[in-house]
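**Student:** Take this structure first; my questions come after.
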């Protein structure tokens, strides 16, 4: 008897990604570059976040043709994004056989109140979070992997750092709390009591948590690992840089050897120009992707 | 105490370290060739084999790992680790380490939605083992000296060949440490020798 789509199988898939870099790609050629550079997975999409930000309008699931092309091009896992709450986009991606779905705030939400009930699917999901409450709610709905939201498409690491520190500080607080304090903390965070008990017992989140939203250089990737991320997502940072192949390789290596400072210095030499970043305060409040979802 | 390395470039490193320590051995993370010194055995964990191979090359580990294999010390590969050990990878040109006498096929159960858990009966273990398969490879061919330890749905998913142990699934994802313990038993015992080993002797 084989059992499919169990928590162990879905969460386990994310465990295998640990210490790795997941790269956004928009076609087969980019996917091959990412795989050759050592990406542990690719995220197939129509436009990278910085282009979505620039173009405006409604951002949706990618054309299935693009996703299919990427799936054919590489042997590493392929992830794809569905809009928050868009049941059909998620089911379509599952039917196509993508390996992981990102219910992502980078796309325009389809539902401003309800996220997907992810435990109804065989395919595993990754979701964004800014704090332990969001993490708890997404896991409660069935997310098998988390990533901090950061601020996608900015090439500015500051929000990713803020969110990872926030999640980790709240985890540490729960771990040191006495059990009779957890119910009040659960109410304050908007998390379930059972979830907090599990975090306290494990001493960490029950699923893998990657960093995302603003990684643009090898040092940025290493910084997120230093702060306790299990791995990193790089969106626009690679294919919006001057030399994607070299950036991709350097970011992969810096993620593995995140405390190898001399090595990171070597890796960062003559890489060319990183993606042009955006200062967060210059983004209008309504255009911050991290505010999407709750 | 037995000293067991875990290749720590990417993947389920933490879980293997936990399992080794739960079995009473000392676990050591291996990222560079110097980390292989003074190990009694080495685990190659699950993860992405293509990523691990890139990182092995960039850390200058490929030849030191082959040397490690030549020294006769036990090596255990799970999933991606099995692919790294295999003599041949179906559909690929050169193997990675190419030291274990098996031929493997990658992603041979399908994509992530085809990943599964199953109860396996494994030669040498009394009770069934709950195994997690994730985009798993399987062993399509074995050499004459290779012992098949488990098959699932007609596919070989675990084998032992001399000093090498390999499986398609992830024993590190469960809290069942019997396979780690089986691997640790492959390390030649020091107490069984007539003379004290080098390390002990030098302290006398």
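The backbone N, Cα and C atoms fix where each Cβ goes, and this holds for glycine too.
Not my notes, these are from TrEMBL:
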- A:81: active site, schiff-base intermediate with D-ribose 5-phosphate (ACT_SITE)
- A:24, A:153, A:214, A:235, A:236: D-ribose 5-phosphate binding site (BINDING)
- A:165: D-glyceraldehyde 3-phosphate binding site (BINDING)
- A:7-212: domain 'PdxS/SNZ N-terminal' (DOMAIN)
**Student:** Name the residues of the same chain, 6+ apart in sequence, whose Cβ is under 8 Å from the Cβ of residue A:235 (D-ribose 5-phosphate binding site)?
**Tutor:** A:24, A:43, A:48, A:49, A:50, A:106, A:152, A:153, A:212, A:213, A:215
**Student:** Given the recorded positions A:81, A:214, A:236, tell me which ones have a C-alpha lying within 10 Å of the C-alpha of residue A:165 (D-glyceraldehyde 3-phosphate binding site).
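**Tutor:** The recorded positions passing the 10 Å Cα test: none.
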**Student:** Please report how many Å separate the Cα atom of residue A:214 (D-ribose 5-phosphate binding site) from that of residue A:81 (active site, schiff-base intermediate with D-ribose 5-phosphate), as a whole number.
**Tutor:** 17
**Student:** Per 10 Å Cβ neighbour count, which of the binding-site residues A:153, A:214 ranks highest?
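**Tutor:** The largest 10 Å Cβ neighbour count belongs to A:214.
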**Student:** Suppose you look only at the domain 'PdxS/SNZ N-terminal' (A:7-212); what would the mean pLDDT be?
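**Tutor:** Summing pLDDT over the domain 'PdxS/SNZ N-terminal' (A:7-212) and dividing by its length gives 97.
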**Student:** State the three-class DSSP label for residue A:153 (D-ribose 5-phosphate binding site), counting H, G and I as helix, E and B as strand, and everything else as coil.
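**Tutor:** It is coil.
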**Student:** Measure from the CA atom of the residue listed as 'active site, schiff-base intermediate with D-ribose 5-phosphate' to the CA atom of residue A:236 (D-ribose 5-phosphate binding site) and give the result in Å, rounded to a whole number.
**Tutor:** 15
**Student:** Taking DSSP three-state, what's residue A:24 (D-ribose 5-phosphate binding site) in: helix, strand or coil?
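**Tutor:** Looking at the DSSP assignment, residue A:24 (D-ribose 5-phosphate binding site) belongs to a strand.
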